[in-house]
Every structure is written in structure tokens, then in C-alpha cells.
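K.L.:
For 115-135, 181-201, 226-246, 255-275, 293-313, 329-349, 377-397, 409-429, 435-455, 467-487, the entry in Swiss-Prot reads transmembrane segment, with the evidence type sequence analysis. Taken from Swiss-Prot, the feature N-linked glycosylation site covers Asn515, and the record attributes it to sequence analysis.
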Amino acid sequence: MDATELGVSGEGEEIDMEVMRPLIESEDRFEGTYGEKKHLQRYLNSDNKKDEEVMKPLIENEDDSDGTCDEHQYLQRHPDLDNKDGLTFFQTLIHLLKGNIGTGLLGLPLAMKNAGVLLGPISLLFFGIISIHCMNILVRCSHFLCQRYKKANLGYSDTVGLALEVGPGVLQRHASFGRNLVDWFLVVTQLGFCSVYFVFLAENIKQVFEVFLETKLQQSEIGIWSLDLRIYMFSFLPLIIPLVFIRDLKNLSLLSFFANVSMAISLLIVYQYVIRNLSDPRTLPLGTSWKTYPLFFGTAIFAFEGIGVVLPLENRMRDKKDFSKALNIGMAIVTTLYISLATLGYFCFGDQIKGSITLNLPQDSWLYQLVKILYSFGIYVTYAIQYYVPAEIILPAVTSRVQKTRKLLCEFTMRFFLVCLTCAVAVLIPRLDLVISFVGAVSSSTLALILPPLVEIITYHKENLSPWVIMKDVGIAVIGFVGFIAGTYVTIEEMIYPISYVPPNVSHSDFGVLNNTVLEGH
């Protein structure tokens with residue numbers, strides 16, 4: 001609000017602005033120009049709950065379907081009121097586990113192959129510790145900015161934007177860019193997840209269906225045939241499209257509950273199989289070449305990229321002072337789960353490990369075929385939840401540019417386009433390991449490793465950070481950046497020249513013939 005909007009004459013503008021200054025300034029001390037303060041106050045008055053609303057589907061309670069928790073009332077409630085109906089410690093812990101366990105977990109045994117039986121577990125532990133530390137950094141920076149500028153809560157992109165806004169002068173004018181950058185990487189990450197789901201569903205259901213078909217055809221003495229993997233991807237498109245038109249995800253709460261149960265049962269069955277069928281780890285390499293390690297990095301960071309749900313969870317927790325404990329316990333469990341399944345899976349299947357460990361399970365047992373069906377059901381339902389995030393970021397920006405009478409048509413068109421886009425990416429890169437590694441290297445490394453330490457340096461730039469903290473933050477950001485560059489380069493090279501991918505039962509000498517028809521090996 002300026003002086004002219006208040007009906008003040010130009011001559012008295014300076015006096016009136018002095019009078020009105022308390023209405024537009026923060027009560028806390030802020031060292032900067034008056035113009036900077038006005039710009040900051042406009043930023044603070046923006047809708048900083050957008051991140052929480054966008055990421056909300058990833059942290060919803062499964063018991064919301066009973067009507068005991070009205071989400072709309074929660075979101076409309078004044079943010080400064082008591083969070084009496086917030087998440088308990090146990091609920092927060094469960095949501096942290098749910099937000100970090102998905103297809104990335106099943107791809108870690110193959111990632112272990114790209115790192116080695118010794119270097120792999122050590123690297124996973126290292127990346128796990130760094131990821132947890134970066135999550136805590138983001139939470140601390142959010143708390144600092146909230147307390148200093150009297151905000152109830154902040155999301156990821158708002159935290160980055162406000163940190164830039166109150167940072168050094170050269171960065172202040174880039175606050176909007178910082179927020180948009182985080183939103184863009186969130187969109188890339190979530191749509192990347194959705195593309196991974198297409199490949200995962202196609203590979204697992206293809207295997208189940210063709211084993212079933214093979215059994216029937218052998219009984220009738222008819223020749224065995226195999227469909228291209230891309231046919232299965234396209235066949236899932238009409239099944240997934242209806243999911244993305246569901247606006248209120250509470251309608252999926254019951255399905256989401258059964259999906260989580262299905263995935264948990266599947267993991268238990270996978271664990272018991274690999275533990276009972278361990279091979280001698282001394283036959284496996286301790287380490288691998290630098291050319292395959294970036295693929296490991298991308299997959300590992302993809303698996304650990306749960307930082308997008310951290311602040312929304314903390315904002316909805318009933319007793320926020322316990323969040324750090326829940327975060328550390330939850331991520332410690334996740335890290336243990338990752339290292340154990342990755343190591344045991346690689347010990348069990350060795351060099352024959354595939355993009356998803358479920359694809360290595362025996363095909364002649366109904367129990368292990370059921371594992372693929374159950375986990376695929378869980379991933380199918382999860383698609384709608386992951387898709388919600390980029391849709392809520394992209395759709396408002398697009399529909400705001402069209403006439404009101406065409407907004408609904410525009411929204412439906414964009415929803416249809418985005419789901420087709422994720423399918424197209426899966427068709428173009430029909431290898432589960434490469435899609436996971438590419439998404440991890442490009443966007444997950446930025447969100448999980450690069451931005452949090454830089455945000456800490458900017459947020460506390462006036463608080464006399466110790467040289468050790470600055471060196472630590474710069475070191476983490478450099479690791480993330482090197483992984484970003486190397487992982488992206490090696491993954492793209494592998495897409496063009498897939499020399500490290502050898503389908504099962506195919507020798508390296510014969511693989512040159514199949515290099516251009518890799519789909520037939522799935």
C-alpha cells in the first residue's frame with residue numbers, strides 16, 4: 001500500500017510514509033534500506049502456506065476417511081491457533097517412513113552393483129547421514145525465519161525465497177527466482193517419480209502376465225511370444241488417467257491404506273527370500289569404476305529424496321519440539337532399511353540383479369508373483385498422490401491465463417497432458433535404473449544436498465557462522481553439485497550407449513546384437 005492509495009497528497013508523502021511505517025515494517029530489527037523492508041513485507045504477506053498445501057497429499061492420515069479429520073477446516077484455520085488436531089509423534093514417524101519408501105528402495109540392490117560390495121554400503125551410510133543433516137538444516141532455517149519474522153510456518157520454496165530476501169543485497173532481488181527454482185525442481189522430481197512408476201508397473205506386470213501366459217500356452221502346445229515393454233506402458237495409461245482427475249485425494253484414502261499394507265507385506269516377503277538365499281559375498285567386487293559410481297549416486301539420492309515432505313510434516317505436528325527426534329529416528333530406520341536390502345539383495349542375486357529386486361524373484365512361485373502384484377498395486381495408487389504435487393504447482397499458473405468459462409477445460413487438458421508426458425518419458429527411457437538415476441542426479445541432488453547448506457549460509461550470514469560450519473556447508477553443496485554433473489552425464493551416456501546393461505541370460509559377447517533392442521530383454 002503506497003501513499004497515493006491512502007489518498008495522501010504528493011507533498012506530504014514523506015511524512016505520511018513515516019506515520020504508516022509501523023504498519024509495513026517487521027517489529028524485529030532489520031538492517032536494510034526502507035525499500036528492502038517494503039519488498040520484504042510484501043513477501044511475508046504472500047501465501048506462504050502454499051508448500052504445505054501442495055505437499056499435503058504425501059503426509060495425509062490413512063484414517064481420514066472416517067470423517068474425524070476435516071482437512072478443509074484445518075487449512076482454513078488461522079495458522080497461529082493451537083495445533084490440537086495435529087499429527088502425533090507416532091503418526092509423524094509413520095508418514096516419514098511412507099514418504100521415503102517407494103520404488104527407490106527396490107532399485108538400491110542394482111545401485112550396489114554399480115558401487116561395489118564394500119564401497120556401496122559405506123556410501124549409502126554416508127549419503128544417509130548427509131541427507132538427514134540437510135533435512136535438519138532446512139528445519140532449523142525455517143524455524144529461524146519464522147521466529148524472526150513472526151510467521152506461523154514456511155514450506156521449502158518459501159524458506160528458500162525468504163532466505164534470499166533477507167540475505168546479502170546481491171541475492172535479495174533473486175528471491176522470486178529462488179522460490180520458482182525450488183518449485184521447478186519439485187515438479188521435475190514428482191513427475192520423474194511418476195515416470196518411474198510407469199516403468200515399474202510395466203516391467204513387473206509384464207513378467208507376471210507372460211509367466212502366466214507361458215504356463216497356459218505350454219499346456220496347449222502353442223508357441224510362446226513376448227510383447228514389447230512399451231505396449232504395457234501404454235496399456236497402463238487408460239488405467240492411470242482416471243486417477244489424476246480425482247481432485248480430492250481423501251477419496252483415495254481407503255485405497256491408500258490398502259496400498260501401504262500391500263507394499264509392507266511385499267517387502268517382508270522379499271526380505272525373507274534374500275536372507276534365505278544369500279550367496280558368498282567374496283565373489284563380488286569390493287568397488288567399481290568411476291564410470292558406474294555416478295549411477296549409484298543418482299539412485300541413492302533418488303531414494304533419500306524425502307526432503308520435500310519434511311517441512312509440511314513439521315508444520316502439521318502437534319508438538320513441534322519433538323519433530324527433530326521423529327525425523328532422526330525415522331530417517332535412521334529408512335537408512336537401515338536401505339542399506340540392509342541393498343546389501344542383502346546384491347549378495348543374493350549378484351551381477352544378475354535387475355532394476356527392481358522384485359524382477360529377480362522366482363517366476364515359478366505364486367507367492368513371489370503375488371509380491372509383484374501387491375507392490376504394483378501400491379505404486380499404482382501412489383501415482384495419484386505423487387502427481388498431485390506438480391499438478392497443484394502447474395495448474396494454477398496455467399488456468400489463471402485463460403477465461404473463467406474455459407478454466408475447467410484447461411485444467412482437464414493439462415491433467416491429461418501431464419500424465420501422458422510421464423508415460424512418454426517412460427517410453428523414451430524404458431529402463432527403470434536409468435530413469436531413477438537421472439531423476440536422482442538432476443533434481444533430487446539439488447533439493448536434498450545442494451540447496452539446504454546454501455540456505456543455511458544465507459540465512460545466518462549475519463549471525464557470525466563459524467568457518468567450520470561454512471566449510472561443511474560448502475563441502476556438502478560441492479558433493480551435491482559434482483554428483484549432479486557426473487550423475488547426469490553418465491546417465492545420459494548410458495541412455496545413448498547402454499554398454500553396462502546386459503539382460504538376463506544374455507552373454508556380453510552377444511549383447512552387441514541386442515544393444516539397439518534392449519526392450520526385448522525385459
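Note that Cβ sites are derived from N, Cα and C of the backbone, with glycine treated the same way.
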K.L.:
Who are the chain neighbours of the transmembrane segment (435-455) in space, where the CB to CB distance is under 8 Å and they lie at least 6 residues beyond its ends?
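P.N.:
Residues 103-104, 107, 111, 130-131, 134-135, 137-138, 141, 156, 159-160, 163, 182, 185-186, 188-189, 192-193, 195-196, 199, 294-295, 297-305, 307-308, 355, 425-426, 429, 472-474, 476-477, 479-481, 483-484, 486-488, 491-492, 495.
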K.L.:
Cβ under 8 Å to the transmembrane segment (467-487), counting only same-chain residues 6 or more beyond its ends: which ones?
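P.N.:
Counting only partners 6 or more residues beyond its ends, the transmembrane segment (467-487) has Cβ contacts under 8 Å with 130, 133-134, 137, 294-295, 297-298, 301, 437-438, 440-442, 445-446, 448-450, 452-454, 456-457.
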K.L.:
The transmembrane segment (115-135) vs the transmembrane segment (226-246): three or more C-beta pairs under 8 Å (separation of 6 or more)?
P.N.:
no
K.L.:
State the residues, same chain only, that lie 6 or more residues beyond the ends of the transmembrane segment (181-201) and have a CB under 8 A from a CB inside it; answer 'none' if no residue qualifies.
P.N.:
54, 102-103, 106, 156-157, 160-161, 232-233, 236, 240, 305, 308, 355-356, 376, 379-380, 382-383, 386-387, 389-390, 393-394, 418-419, 421-423, 425-427, 429-432, 435-436, 438-439, 442-444, 446-447, 451
K.L.:
Do any residues of this chain, six or more beyond the ends of the transmembrane segment (377-397), have a C-beta under 8 angstroms from a C-beta of it, and if so which?
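P.N.:
53-55, 57-58, 102-103, 183, 186-187, 190-191, 193-194, 197, 200-201, 239-240, 243-244, 246, 249, 252, 255-256, 258-260, 262-263, 266, 308, 411, 414-415, 418-419, 422.
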